[in-house]
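Here the structure is laid out as C-alpha cells; the discussion comes afterwards.
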Amino acid sequence: MVKAEIEKKGCSTRRWLWLVMALVAVFVAMVMSSRTSPKALFGAIDRACPCARGTPKYSGMVEDCCCDYETVDRLNEEVLHPSLQELVKTPFFRYFKVKLWCDCPFWPDDGMCRLRDCSVCECPESEFPESFKKPDHRLSMTDLVCQEGKPQAAVDRTLDSKAFRGWTEIDNPWTNDDETDNDEMTYVNLQLNPERYTGYTGPSARRIWDAVYSENCPKYPSQELCHEEKILYKLISGLHSSISIHIASDYLLDEATNLWGQNLTLMYDRVLRYPDRVRNLYFTFLFVLRAVTKASDYLEQAEYDTGNPNEDLTTQSLIKQLLYNPKLQAACPIPFDEANLWKGQSGPELKQKIQQQFRNISAMMDCVGCEKCRLWGKLQVLGLGTALKILFSVDGQENSSHTLQLQRNEVIALTNLLNRLSESVKFIQEMGPTAERIMEGGHFSAHTRTLISSWKKIWSYVSKT
C-alpha cells in the first residue's frame, strides 16, 4: 500500500512537472514571437484600454463639408438618430411606392435565379385600402421571376389598413424612375423589409457596383477629376459603405439555426480598412442632411396626411423637431455648401453630364438580381437623387420654398436614406473601434490560437498520465 501511494504521488508530480514545462514553453514561444513586434504580446490589452487610445481616428473637418467628425457624432447620437428612428416608423414614411418588376436596360437577365421560394406573392386585393387599388397586374405562379440568392432576399409585401393618398407626379431630372406608371408600381412596408443580409453575392452583385464605378463615377487620380466629379464619386462611395454596414450589422451568421447578428469581420473588410470609405460615408450623411435642412420650409408645410389625424400630427411634430432642433442649428447650420459647385462657363454643361451619369446609376437599380436589394437600392438612389434635386435644381435658397416641388415618394426616400446613413454613422462610432481592434490584432490572435491549441493537446496528454 505504501508503495502504491508513493507511485501515485510520483505520477501526480510528473503530471504537474509536465504542466509547468508546458506553461513555460508556451510563454517562451509567445515572447519569442513578439520580438518582431514589441506590442504583439500585450498589444490587445493596450488597445482595449480607453486611456491609451488618444485622439479619435477621424477628427477635424469632414472634407468638403462645414462640420467636424466629433460634432457629427454628437449631433447624430443626441438629435438626428433618435428623431429619424421615430420618424421612419410613422405611417407616412413607412410605405414606399416602387416598381419591383423591371427589365435590366444594360444587359440581359442571366437567369441565375429561378427558385420558387424566393418569389414574393402579392397581397390579396381585400387587404388593400381603396387608394391602393389599381388595374390587375398579377403574375401567374409559372411566370414569377425571383431574385437571386436566398429566401431571405424576398420582399414582404404585407400592408395594414393605413395608407397614404396620392401626390403630384413631377419628374426628377436626376433619376430614371418613371413614377407615373402606376400599373407596375406596388406599395411596400419598409418596416417589414429591413435592409440587411440577403445572400445576394457573387458575380451578379459585383457587376452592379463595377458598372456604377467604372462607367459613371470612376475614381481617377485627383488631378484628372474636377471637384463636381469628386463629389459624385464620394456620394456613391458613401452610399456603398452604408449599404455594406447594414449588411454587416444584421447578418445571417448561421443559416441552419437562423442565427442573426453582427459580422464585424465583414464590416472591417468592406469599409473600416479603407479610411476613405468611412470619410465618404460621413460626407454623404452631411450632404443629404444639408438637402433636408435646405428644404425645411417645404417639408414643414407639406401635408403628411394618411387618414389618421393623431398619427399625422405626430409626424408633423417630429418633422419640426428634426428641422428646427436648436443643437443642430447652432453646431452645424450648413452641413455642406452647395454654392461652391458649377462655377465657370462649363458649369451648366458639367451639371448635365453628371446628371446623366446619376440617371444611369438610377437605371442600374433595375439590374439588381435580389428583390430586397433592388427595393433598398431604388429607395436610397431616389433619396440621393432627391437631395441632388433640392441642392442643384432649385435656384437660390431664399425662394426655394416657392419653386421646389417634390413627389411624396421623394420625401419618403430622402428621409429613409438620411435614417440609413444615420444608422451607419452610429454603428461605425459604436462598433468601429471594436472591429478594428479585433481585425488589426489578427496576427497575434491567430498565433495565440495556435499556441492555445497546442496547450490543449498538452493538457489533454498530461491529464491522461
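We count from 1, first residue shown onward.
Keep in mind that glycine also has a Cβ here, set from the backbone N, Cα and C atoms.
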In TrEMBL, CYS370 sits in a disulfide bond; tell me which of CYS367, CYS373 is on the other end. CYS373
Using the alpha carbons only, what distance in Å do you get between CYS370 (disulfide bond) and THR198 (FAD binding site) once rounded? 8
Pairwise CA distances across ARG196, THR198, TRP209, SER237, HIS240, ARG270 (listed as binding FAD) top out, in Å, at 21
C-alpha spacing of CYS373 (disulfide bond) relative to SER237 (FAD binding site), in angstrom: 17
Give me the Cα-Cα distance between CYS373 (disulfide bond) and THR198 (FAD binding site), rounded to a whole Å. 8
Which one is it: of the disulfide-bonded residues CYS370, CYS373, which Cβ has the fewest other Cβ atoms within 10 Å in this structure? CYS373
With a 10 Å radius around each C-beta, find which of these binding-site residues (ARG196, HIS240) has the fewest other C-beta atoms nearby. ARG196
